[in-house]
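Under the heading domain 'ABC transmembrane type-2', TrEMBL lists A:19-248. Residues annotated as transmembrane segment in TrEMBL: A:20-43, A:55-82, A:102-129, A:136-161, A:167-186, A:198-216, A:222-245.
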Amino acid sequence: MNLEAVRAIYLFEMSRTFRTIWQSIVSPVISTSLYFVVFGAAIGSRIDQVEGVSYGAFIVPGLIMLSVLVQSVTNASFGIYFPKFIGTIYELLSAPASFLEITAGYVLAAATKSLMIGVIILLTAFFFVDLRIEHPLWMVSFLVLTCLSFSLFGFIIGIWAQNFEQLQLVPLLVVTPLVFLGGSFYSISMLPPVWQTITLFNPVVYLVSGFRWSFFGMSDVGLGWSLLAILAFTAICLATIWWIFRTGYRIRS
Amino acid sequence: MAPVVSVTGLVKTYASGFVALNDVSLNIEEGEILALLGPNGAGKTTLISTICGITTPSAGRVSVGGHDTIRDYRAARKLIGLVPQEINLEPFEKVLNTVRFSRGLFGKPRDDAHLERVLRQLSLWDKKDAKVIELSGGMKRRVLIAKALSHEPRVLFLDEPTAGVDVELRKDLWETVRRLKAEGVTIILTTHYIEEAEAIADRIAVISKGDILLVEEKAALMRRLGRKQMVIELQAPIDAVPEALAHHALETGPDADTLIYTYDTQRERTGITRLLNEIQAAGLQLRDVQTRQSSLEEIFVGLVQEEERG
Ligand SMILES: Nc1ncnc2c1ncn2[C@@H]1O[C@H](COP(=O)(O)OP(=O)(O)OP(=O)(O)O)[C@@H](O)[C@H]1O
Ligand SMILES: [Mg+2]
């Protein structure tokens, strides 16, 4: 194992994050606060409770998931797209590092950044609503796993993308809708039965559900399903990345 | 001794179907400086990229330090430093961090003393905290070199290191190359300029259209190719080379008032003094004299034609 390479990539990426730390942190904090104002205060005053939890608190896990998913995909895709774009990828391709090591460096760095943002949003939420976290360990595990798996997904997007439009396409057209339709702001049981079934094909439902369970002890789908879904998603991403490096898809001519 | 880089039957066909390397075989000896000469599009960068793992070979094998570059890529790539032709650098990162990154990427533990040595040798130490984007083009190229040297490679590829580099830096660069050679590093560099190859290389390989046309000791090649011509313009046209000068292997030029003398720069005596004296003695008046070295282009044309004739 070339752990030095993992470390080097990780530190290099984190140094990029810290160069732009203010915009990395300020913008999610502001947008989350806006969500609280709009959803928590405006809508929450009409729907006061969902299954015994105040609406303001109910949306917190979904809000965190929304930011963490979008951030993970954006950070990781940009992280690997940028070297492709400016040509520094030559160094990665000629380095004595395996696909696992290169991926680990980039994905860990992207996941660290979105984890930081997730935590910051959680702290912000405490200012707005009364929150309890029933299963803190599970909460952290879900958060970390989500950061990792969606950073993996973002890494794939970054390799696939051939221009900036494509780079933004997936977070915008795929991730955000899936999160909004994934029960971030409502319980699936509020939907008509047909939509409840359709929703079960949305992987984000399992994440949000499991994550919300770790807060309030209630969920739309079983905890086991949530875990299974996130692990399966991670495995698919890993397999795809392995294939990418083996074939050189869009990185090695 | 086994060659440090061994390329056998290497073929590279790009996705477009273009064959950039056409069955290339080449051995590079430990500790030598090999200059890879060739016109634009000859396949120099493709050859280097394939050895370094940036492009995948379509057929053939490459080994570095005895390690196959595909099966045993870790061991092979650890030995290689690459200075690419294009200036590809992370613009907003500090010089020192960029160089430190390269060392780590190649699996070497952090060693700031070594990095300082490298940066000092390349006159970059006072720029270590500058962002790459704040550097001049020549400095950026030196950062690329520092990155390649950061992990102490045994084989160094320099892809057109002198493109866009001023005279001063060029001198420094050759000094660095000589010092590395003295430390036992094998160096492969590409260039368009035969004078550069002449100044620094032990052996010269000429590549054109994806074929290696020759690999030869520099001294031998220079004997063969290092010809110069002296063009002598006369005040008045002449019909033929005067009898008294016949033994000089002179030709008349395209105009009747020029004589062309071809000589070998590597010979101890070029015969110029005697020729000029005898021209004067023959009563011919000179208007102008110029010399020109056979250009790389002419050498290529010559080589390719030779090749075609078999
Ligand atoms: N990715 C690619 N896809 C298709 N063709 C390519 C690709 N890269 C290079 N080529 C072609 O392969 C040939 C060799 O290119 P290469 O860059 O190796 O030349 P070179 O000898 O380094 O030239 P130069 O002196 O201009 O740097 C050229 O005809 C080039 O157009
Ligand atoms: Mg080139």
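Glycine is no exception: its Cβ is also placed from the backbone N, Cα and C atoms.
Beyond the ends of the transmembrane segment (A:55-82), by six or more residues, the same chain brings 13, 16-17, 28, 31-32, 35-36, 39-41, 43-44, 47-49, 106-107, 109-111, 113-115, 117-118, 121-122, 125, 128-132, 143, 146-147, 150-155, 157-159, 161, 167, 170-171, 175-176, 179-180, 182-185, 187, 204, 207-208, 211-212, 214-216 to within a C-beta distance below 8 angstroms of the stretch.
Packing against the transmembrane segment (A:198-216) from elsewhere in the chain are residues 51, 53, 57-58, 60-62, 64-65, 69, 131-136, 138-139, 142-143, 146, 178-179, 181-184, 188, 191, 223, 225-230, 233: each is 6 or more residues past its ends and has a CB under 8 Å from a CB in it. Nonlocal intrachain contacts for the transmembrane segment (A:20-43), taken as residues 6+ away from its ends with a CB within less than 8 angstroms of a stretch CB, comprise 55-56, 59, 63, 67, 71, 113, 116-117, 120-121, 124-125, 128-129, 185.
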